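Feature annotation from TrEMBL assigns domain 'Amino acid permease/ SLC12A' to 46-512. If you look up TrEMBL, you'll see 49-69, 81-103, 115-136, 156-178, 190-210, 280-301, 381-400, 420-437, 458-477, 489-507 marked as transmembrane segment.
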Amino acid sequence: MSNKSISKEEKFVNAEPYASGISITEDDSSGFQFSETTHRKLYSRHVQLIAIGGSIGTGLFVTIGTTGLVGGGPLGLLLSYSLWTVIILLLTTAVGEMVSYLPVNSPFLTMAGRVVDPAFEFAFSINFWVMESLYIPFEITAANGMIHFWRDDYSPAITICIQIFIYAVINVFAVRLYGESEFWLSLGKLILCVGLIFFTIITMCGGNPAGDAFGFRNWHVAGGPMATYIATGALGRFQAFLYSLRNSACFTVVGPEYMSMVAGEAINPRKTMPTAFKTVLYRLAIFYIGGSLCVTILIAYNDPTYLKLTALSSNAAASPYVVAMENLGIKVLPHIVNALVLSSVFSAGNSYTYCSSRALYGLARKGFVPKFFMWCNRHGVPIYCVAVSIAFAFLSLLQLGDSASNVLSYMVNLCTGSQLLNYGFMCITYICFHRAVETQGIDRKTFSYRSWFQPYSIYFVTVIMWCVIGILGYEVFMPGRWSVNSFLYSYVMIFVSIAAFTFWKVVKRTKFIKPGDADLVTGLEEIEEHESDYYASIAVESLEEEGIKGKVRSGLSWIL
């Protein structure tokens, strides 16, 4: 690539890589090395696309139909996604304020140990790592189900083992490809989302082989726009809304954690991260609410073909978009969309393998797990952490002993429970952060990014979040519906987090941190040093750019 096509950020990094701390490397004859720090090499374009692509995945393309539309009906699905999108956007702004103020590695986890309690950080970190690890077998199971769209005359073990092998190879030998690959794959997800929205608009207005302008016909099928669940009447419709909320919306609508985790490796983070948080809010609102509306328009929640496909073990991961296209008599597009969704699912599983291994590596750095997990090979890959992540991937083989739909449902329940707890912990962390900022007299107006309506919005989100956590498995407490498996799948992570918190509290004798004693400054000096070096390099480059060519190159650098 010539200099004309390299951005200012890329020139800065290529000229003088900046580490987010002091880099210490130790080598031994075995080829292993231990690196003390990561490097800031993620450009603004990477952060922008990761912010979108990291929060769009299987849920929006696949399980939105099986657990959201079928369970709640079109109105129940739209209401649940609209409500949860608002909740997550308010939480994202709060987390964005913390991350933009102190953009270090694992910022919301680090801040939890500084403003709440180190034992709370330990429980928070364990839950986050388990969540990332459980997503790996879920994505593998979903991918296998989508392959069955073309053929089902093979054992699921074949595709599952092939996927696990590829994940292992990529995470051990091709880790350098992550930056660019995730950028382009995220861009592909973005294009797919936009394409499906336009497809919905065109077909509902009559742009389909049958010339049928069906509009909102699927909202008026027998039973009305709301499904019923357990009970009948108004209570049944409310329970259907709750079913769609906790089994689909809470699983699909995500955002703050994936965007925040790149803060420690972003260039000029106190400018890059606020920009990402500001722009992602509106995009995610369009994709989540718009995506849920599109699904309700394209396919009826009681469509017999879709219900039959999703009931079969070989088609548990059938995409409602693909089924809708086949119902409309479209021949080629279903194969293209299924392939694109499959690539998205495969990419997500690969990303979760990476995130899980790095989360475990972070636990080792903080002394939460044995130190040998910190050791890396000569390529800087935490090899033992990757091995543990691959071990989690083998949980997908549970599909061999049960139907894929049940396995997928179990994975969704476990992931949803961990994810909601993760958000509940984020709420507590921000409340303590906000109290510490006020107590220590830090002016929030000086922050590069401030969240909305604080502290009232975070109190509202906290109450809603913990209420949803409490009703995750409420059915098991109803007469005649007790199930040990359902109870554990809904609440096991709560017990794991309590046990982790209690264990660390007792062993390390940690104390709850008072607002006035919270550490809100460690790490700021290194970030300011990075910014100083970055802006100095930009100033030098600006002096070198003269004439029309230099101005044109500078103006177009954001797309080159």
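All positions are counted from 1 along the displayed chain.
The backbone N, Cα and C atoms fix where each Cβ goes, and this holds for glycine too.
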I need to check the long-range neighbours of the transmembrane segment (81-103): which residues 6 or more away from its ends have a CB within less than 8 Å of a CB in the stretch?
68, 110-111, 245, 248-250, 252-257, 259-260, 263-264, 266, 269-270, 273-274, 277, 280-281, 284-285, 288-289, 291-292, 423, 426-427, 429-430, 433, 444, 447-454, 457-458, 460-461, 464-465, 520, 523-524, 527
Short question: which residues 6 or more past the ends of the transmembrane segment (280-301) have a Cβ under 8 Å from it?
48, 51-52, 55-56, 60, 64-65, 68-70, 72-75, 77-78, 80-82, 85, 88-89, 92-93, 193, 196-197, 200, 203-204, 215-216, 218-219, 221, 227, 249, 252-253, 255, 259, 320-321, 323-324, 327
Chain residues outside the transmembrane segment (489-507) and at least six past its termini with a C-beta under 8 angstroms from it:
117-120, 122-124, 126-127, 130, 368, 410, 413-414, 417-418, 421, 469, 472-473, 476
Using Cβ atoms and a strict cutoff of less than 8 Å, what residues sit near the transmembrane segment (381-400) while being 6 or more residues removed from its termini?
32, 133-134, 136-138, 140-141, 144, 155-157, 160, 163-164, 167-168, 171-172, 175, 349, 353, 356-358, 360-361, 364, 372-375, 407, 410
Per-residue pLDDT averaged over the domain 'Amino acid permease/ SLC12A' (46-512) comes to what?
83
